[in-house]
Amino acid sequence: MMASGYSAKEEDGHLPGASGAAGSGVAKSKKPDNTAFKQQRLPAWQPILTAGTVLPAFFVIGLIFIPIGIGLYVTSNNIKEFEIDYTGADMSSPCFNCSQSSSWNSTWPCRCSIAFTLDQPFESNVFMYYGLSNFYQNHRRYVKSRDDSQLNGDKSSLKNPSKECEPYRTSDNKPIAPCGAIANSLFNDTLELFYIDPNGTRTQIPLMKKGIAWWTDKHVKFRNPGGTNLNLSTVFQGTAKPVNWHKSVYELDADLENNGFINEDFIVWMRTAALPTFRKLYRIIQKKSNMTPTLPRGNYTLDITYNYPVLSFEGRKRMILSTISWMGGKNPFLGLAYITVGSVCFFLGVVLLIIHHKYGNRNNSADIPN
Amino acid sequence: MDFSMLRNLISRYCVGEENWVDNRTVYIGHREPPPGAEAYIPQRYPDNRIVSSKYTFWNFIPKNLFEQFRRIANFYFLIIFLVQLIIDTPTSPITSGLPLFFVITVTAIKQGYEDWLRHKADNTVNRCPVHVIQHGKVVRKQSCRLQVGDIVLVKEDETFPCDLIVLSTSRQDGTCFVTTASLDGESSHKTYYAVQETKAFNTEEEVDTLRATIECEQPQPDLYKFVGRINIYLDGNEPIARPLGSENVLLRGATLKNTEYIYAVAIYTGMETKMALNYQSKSQKRSAVEKSMNAFLVIYLCILISKALINTVLKYLWQGDPGRDEPWYNGKTQSERQRHVLIRAFTDFLAFMVLFNYIIPVSMYVTVEMQKFLGSYFISWDEEMFDEELGEGALVNTSDLNEELGQVEYVFTDKTGTLTENNMEFIECCVDGLVYVPLSVCNGQILPGASGIDVIDSSPEPAKKENEELFFRALCLCHTVQVKEEETVDGIKRGINQGKGTSFYISSSPDEVALVEGMKRLGFTYLRLKDSHMEILNRKEEIERFELLEVLNFDSVRRRMSVIVRSGTGQYYLFCKGADSAIFPRVVSGKVEQIRARVQHNAVEGLRTLCVAYKMLSPAEYEEVCHLLTSAKLALHAREKKLAEAYDVIEKNFILLGATAVEDRLQDQAADTIESLHKAGMKVWVLTGDKMETAAATCYASRLFRRSTQILELTTKRTEEQSLHDVLFELSRTVLRQRRSMLRESLSGLSNDFQDYGLIIDGATLSAVLKPSEDGSSGSYKEIFLDICRNCSAVLCCRMAPLQKAQIVKLIKASKERPITLGIGDGANDVSMILEAHVGIGIMGKEGRHAARNSDYAIPKFKHLKKILLVHGHYYYIRIAELVQYFFYKNVCFIFPQFLYQFFCGFSQQPLYDTAYLTLYNISFTSLPILLYSLIEQHVSMDILKRDPSLYRDISKNSLLCWRIFIYWTFLGVFDAAVFFFGIYFLFDDATFTSNGQLMTTNTQMMFGNWTFGALVFTVLVFTVTLKLALDTHYWTWINHFVIWGSLLFYVVFSLLWGGIIWPFLNYQRMYYVFMQMLSSGPAWLSIVLLVSVSLLPDVLKKVLCRALWPTTTEHIQTKRQCLAVERSAIFMLSQTSSSIGF
């Protein structure tokens, strides 16, 4: 139906006097060239997929995939992960009150703390994540609601943000910096971790807040307007803070290297997640020395400054502690998938071997069909 | 026709004249006829400007755009583009605008260039000078200023500027020679005549004094038809009326040859010339592949719409919860909130359509067009189809039907010139039962004429001597052969070789040349036609002169021609030669029985026979004949019919003289070709105008019928004995019994040594079969006939009129299996068949280029049919089949993850891939490998295809594009898409990991966002889709390697570049470093490898299992190729040798 209407050819009856018929002109009066290409006789490798040729491939794939899968699975299992939900949806949860009272215009931050126990010590660097679920960071309206040139330090975009930021573009006739829904909904809970010694003393665990964003994001894609060394509050003069923020963008951190648009928490948040349930890197707990584990076995408390409301959209908030390996975080799926595919290939290899033996001979002895 | 009708109507109303609705009156030299004649009405005709161009400078852009968007596909993409512009859609308008713009621009440039060339050509044509006589002087004019009625002077080797009527020529006899090579491809010279009364006006001054009007029909496209009348006002007031026929009309585009100059009057100018009228579009033929492609498109359009509908409905169900529709973090703008829900739903539907519209990609049309256009070059490039003798290779007139060449089920072939050489050799003649054989050619030397007679039966008695000489004279006189005295003549040429080695006989019919030449070898040499006198050199080396009075031309209905001559002694003779069936009924005396026996004998030998008869006319009879002919010729209306009636009256009461036999040798490898076609499962029908015995002999020689073939006859001879009804039923019973027993045998697994049938039917019986009878049972006749035909391996239809050939093709085309038909022929009589069949193939034969011009493909020889069908057709079919299936597959793979993603992003039309990926996927990442595949794939080698015609059966009935395979491909696409999407989904799922270690630099973990998700899916997609094609490729040339690995490399390089810098002109930088970060992650690599393997696994498994368990013939051959190559080629050589010996 469609193709019938479509043709690059001339469909009208015009005199082909000068233009000539499309495919005909070449061999009009002279012998065609005897080139391998024109005669379709280019030298070529002509592989055929038969049981015989595919068999070894199946075995090889099986033999390679199964060990990889086992390796991945073991590595993944060695990764320690701890997850705790602090939404406070249950009455029993210490954060229940906070979750009920929290809203954007509450001036006094609500605090709550949750105690938990690590059964195993966490060796090496530990990564601390916050996780949100049922939060559609990948909604189209949300994803596009940002202005990359503003975030890149463009001065004109700072004063006149992109239309895509609507309805988070201006507030009180002043342009919002950073504009857009993503920036507006920046995750603003503060999480602190304390180790409870067996003797009862609380030790705050140092959390590193730098090095959690992509290097390129921090140094190239995100830039404060007006360079690095200026006073940020003057740079952002004439702009409004996002409506849901408690403080302005230049007050995010005292460290100049981590303030304004190049605040790493902000950068991490601005990388919109692919799925409605996601986790984002919050802090890194660096390994202290070779002797003691980063997080020894024992009791901990998580102190939360509860600002971020999620119950309105039936969301959940989690805090995750995890170590990593050469292949990243805990991920049994990849290892299992490799093992499964490897086994299937191996099994198919055996099946093909049987088929090859049974039918391969018959094929070879069959008559030439004429 | 409609056009001229319309114009007639318009002009009638404008001028208010009735009498030239069907005719036009041309006043030669714009001079009024003397008073008393009809009133001088100046009529307005278009000037002689030829406008072949479509556009002018000003209207090019609007008109071209309009033309392009009239095509439905372009229009669809335009709509998508506009939707993207107007409403807020997920993808930027660039994604569909850019490809569309590209396609439109390229097409516009191509068309613009072609039009510019046309303008240039038009200008040179329109501005070229012509010589016009005005007031007795020769005036130069630009060609486009020429008017109807102008008297034009044309010199030798000039092309006629418009359609002209010859008034006079430089030759005394008023003839001129013309070649119409550029019109119909016939390079032989044709003779055109001036009217007797005007031929004397051959200087400028004289011509200027000519007062005459020409009445002729309004222009019509038939090149060979013209009816008109010239009224010449000589001294008296009473005009002399003379008929004008096509022999008086010089057509625009033809060239004057061998004539110093002519004077002629313009009758049709500009766009009304026959040449201009003839370049009207032929009806477009569509291939079976295109039809299935359109069907698939409809399916995909339905899929597209249903996807969009499902998503829209689900979106509103899901959004029923207000927390989901507008959570606090994701507010809507004021205007969005205020929009009515129905408008929002409709906008959402459109947005989903836009998101998924890539499932029907623009690039598919471009690729298919390119594949067809470029692919067709392989036919014209083919060296094996180049004919040294002709100096020409195959010609492709349309590239739309390439793949149809691989689908042919019925081959309808002409006999003369197609199966046979159309290179006639005079074999013998039979006079009164005595057989004369000229001592034939020895090494090209013809033995002296007198000794050339070898009488087989007995020496001629003196009494018979007279008849014998009369016979020879008859053959020397009864023809339309011209004598050409130069060597530089194309076409049919034979040296007369008697003193003047530079003379040739030329004729449009090779039979005539063979006969005249045969006569020369028997001692009677035709010398020339001079001043209406034919000169013959007889055995005694004396010149005999006969005045040529009338020629009753040959036509295919009468199947005979006659001349009336007056001998030197003043006797009137009418000589007639023609097919036996056309002569015998008109014979009153002569040795009919003996001659008939000889004719039949010769016909069985496969010779072409003609019978010769004569009658003496008394002067009174001649007067009567003259009168009859003149009145018929002068008729303006139905002249053809009146002429036929006149001929019928004149040509009777003959005395039979004898018969001739001319051999038409089979074409090189004709038998081998037919055998291959049979093995390839094609049914070969021979449609010929020849008589049954000759045709049947040719069929045996060309192995259409084998010794074992049981011949079923359905001829007039049989239907005279029994009724048609009985014959038909008897035949069908025979055939059906056979088929039933065959079925039983094949069920019980016995060998298939079955009787094959050949059917012979003649034209008369065929029309009886097809004719709707009174009781309305014609339908059943037709059905029975078709049923019989279906069970015959070969059918011979003899005594067919040209239109009947087309009828047969139509009949088969319309039968319930809707088979694909191919018509092949070389002459003008095959054109209707060629145009009617699905694929028309013309042979560049001796009977001119008419067939080749009207065909879809033209080949030099019949034997090339084997290669064009079995090799090229087969290749084109598998190539385009894969192209179509693969295109749909790769776009399912492309779009289906995007559909799945909607379930995870709140049905918000969030695209999974970046804009650049969406745009470039079909344009550059995956386009070249499939295009190159579809140009050079060879699943088995050319030699095997030629050697093993049965492979052709594997692709018959459009088998690679049947629904089963289409569904397989679609499901494979859906499966692969699901693997990509869910594979990556599980990697990103919260339970597993969303980040990775940056191995090389610091040991930290980075977060991946939605764009990395998309890039990962896309990477797996590009690799899978490209490798899938690699698995399907059976013929890996360096080009394949280059494009397959090259486009993968290009994808990687492009992605690195695309993510490598902050693009200054873009307002988003979403892909910045996404690809690099992805590649720095170990699990991403591992999952790419894993998912690509999983996606390809089922297809590999299916291929291997099918090959092992249910192999097709092709697969057998492929598997065995290596081990059997040597052995088989030996067998092939042997069979070739034996066949050539047998031949």
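Here, residue 1 is simply the first one shown, and the rest follow in order.
Note: Cβ is positioned from N, Cα and C throughout, glycine not excepted.
Keep in mind that TrEMBL annotations are predicted by a computer and have not been checked by a curator.
Taken from TrEMBL, the feature active site, 4-aspartylphosphate intermediate covers B:ASP414. In three-state terms derived from DSSP, B:ASP414 (active site, 4-aspartylphosphate intermediate) belongs to an extended strand segment.
When other Cβ atoms within 10 Å of the Cβ of B:GLY689 (ATP binding site) are tallied across all protein chains shown, the result is 23. Sequence annotations record features per position, and here TrEMBL assigns ATP binding site to B:ASP414, B:LYS415, B:THR416, B:GLU512, B:PHE554, B:LYS577, B:ARG608, B:THR688, B:GLY689, B:ASP690, B:ARG799, B:LYS805, B:ASN829, B:ASP830.
Residues or ranges marked as Mg(2+) binding site by TrEMBL: B:ASP414, B:THR416, B:ASP826, B:ASP830. The Cβ of B:ASP826 (Mg(2+) binding site) has 32 other Cβ atoms within 10 Å, all protein chains considered.
Taken from TrEMBL, the feature domain 'P-type ATPase N-terminal' covers B:42-96.
Per TrEMBL, the feature domain 'P-type ATPase C-terminal' maps to B:852-1112.
What TrEMBL records for B:69-87 (among others) is transmembrane segment.
Look at TrEMBL and you will find B:295-318 (among others) tagged as transmembrane segment.
According to TrEMBL, the transmembrane segment annotation covers B:349-368 (among others).
Taken from TrEMBL, the feature transmembrane segment applies to B:916-936 (among others).
According to TrEMBL, the feature transmembrane segment maps to B:966-988 (among others).
Using a Cβ-Cβ cut-off under 8 Å and counting only residues 6 or more beyond its ends in the same chain, the transmembrane segment (B:1008-1030) has close neighbours at 886, 889-890, 893-894, 897, 905, 910-914, 917, 921, 925-926, 929-930, 933, 976-977, 980-981, 983-984, 987-988, 994-996, 1044, 1047-1048, 1051, 1055, 1070-1071, 1074-1075, 1077-1078, 1081, 1084, 1087-1088, 1091-1092, 1095-1096, 1099. The transmembrane segment feature in TrEMBL is assigned to B:1008-1030 (among others).
The transmembrane segment feature in TrEMBL is assigned to B:1042-1066 (among others). Cβ atoms under 8 Å from those of the transmembrane segment (B:1042-1066) belong to residues 914, 916, 920, 924-929, 932, 1015, 1019, 1022-1023, 1026, 1029-1030, 1033, 1072-1076 of the same chain, restricted to positions at least 6 beyond its ends.
TrEMBL lists B:1072-1097 (among others) with the feature transmembrane segment.
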Neighbour tally for B:PHE554 (ATP binding site), based on other Cβ positions within 10 Å of its Cβ: 19
B:ASP830 (Mg(2+) binding site) and B:ARG799 (ATP binding site), distance between Cα atoms, whole Å: 13
Distance from B:ASP414 (active site, 4-aspartylphosphate intermediate) back to B:ASN829 (ATP binding site), taken between C-alpha atoms, in Å: 9
Contact set, same chain, for the transmembrane segment (B:349-368): CB under 8 Å, 6 or more residues outside the stretch: 73, 76-77, 80, 83-84, 87-91, 96, 99-100, 103, 293, 297, 300-301, 303-305, 307-309, 311-312, 880, 883-884, 887, 891-892, 894-895, 898-899, 902, 909, 911, 918, 921-923, 927, 930-931, 934
Packing count at B:ASP414 (active site, 4-aspartylphosphate intermediate) (other Cβ atoms within 10 Å of its Cβ): 31
Cβ neighbours within the same chain of B:ASP830 (Mg(2+) binding site) - under 8 Å, at least six residues apart: B:ASP414, B:THR418, B:PRO802, B:LYS805, B:GLY823, B:ILE824, B:GLY842, B:ALA851
Largest tally of Cβ atoms lying within 10 Å of a Cβ, found at which of the binding-site residues B:THR416, B:ASN829: B:THR416
Distance from B:THR416 (ATP binding site) back to B:ASP826 (Mg(2+) binding site), taken between C-alpha atoms, in Å: 8
Arithmetic mean of per-residue pLDDT over the domain 'P-type ATPase N-terminal' (B:42-96): 81
